[in-house]
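Asker: My questions all concern the structure below.
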């Protein structure tokens, strides 16, 4: 009964956190999608940690589905990659995708083990 409320509250805070991280990163790295990289890598670690922590179902809804669902972004990653490809920034897009996927999986694994 409370599940949608937990997801909505977590989603609100996740969206706000993503906005703040993205604005901060854009000022520091205007030519590279640092904000998206940060939220996706941090989100991978935190979701792994949550999964390993044995958290209650309500916490998983609030933090995992709500906060992390709004904080991380799959579609922006893809669109930024397409933009780099359109600009023929091949090295940059390879580094971006490799860092996102390889480091993301490793950080999820690490977070899971830290959470245990």
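Start at 1 and count along the chain as shown; that gives each residue its number.
Placement of Cβ uses the backbone N, Cα and C atoms for every residue, glycine included.
Below are the features listed in Swiss-Prot for this protein:
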type: BINDING; residues: 69, 72; note: Na(+) binding site
type: TRANSMEM; residues: 1-21; note: transmembrane segment
type: TRANSMEM; residues: 32-52; note: transmembrane segment
type: TRANSMEM; residues: 54-74; note: transmembrane segment
type: TRANSMEM; residues: 93-113; note: transmembrane segment
Asker: Decide whether the stretches the transmembrane segment (54-74) and the transmembrane segment (93-113) have at least 3 CB pairs under 8 angstroms, with pairs required to be 6 or more apart in sequence.
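Answerer: Contact absent: fewer than 3 Cβ pairs fall under 8 Å.
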Asker: When neighbour density is defined as the number of other C-beta atoms within 10 angstroms of a residue's C-beta, which of the binding-site residues 69, 72 has the lowest density?
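Answerer: Candidates: the binding-site residues 69, 72. Fewest Cβ atoms within 10 Å: 69.
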Asker: Can you name the far-off residues of the same chain, 6+ from the ends of the transmembrane segment (93-113), with a Cβ under 8 Å from a Cβ of it?
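Answerer: Counting only partners 6 or more residues beyond its ends, the transmembrane segment (93-113) has Cβ contacts under 8 Å with 32-33, 37, 40-42, 44-52, 77, 80-81, 84-85.
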Asker: DSSP on residue 72 (Na(+) binding site), three-state: which is it?
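Answerer: Reduced to three states, the DSSP call for residue 72 (Na(+) binding site) is coil.
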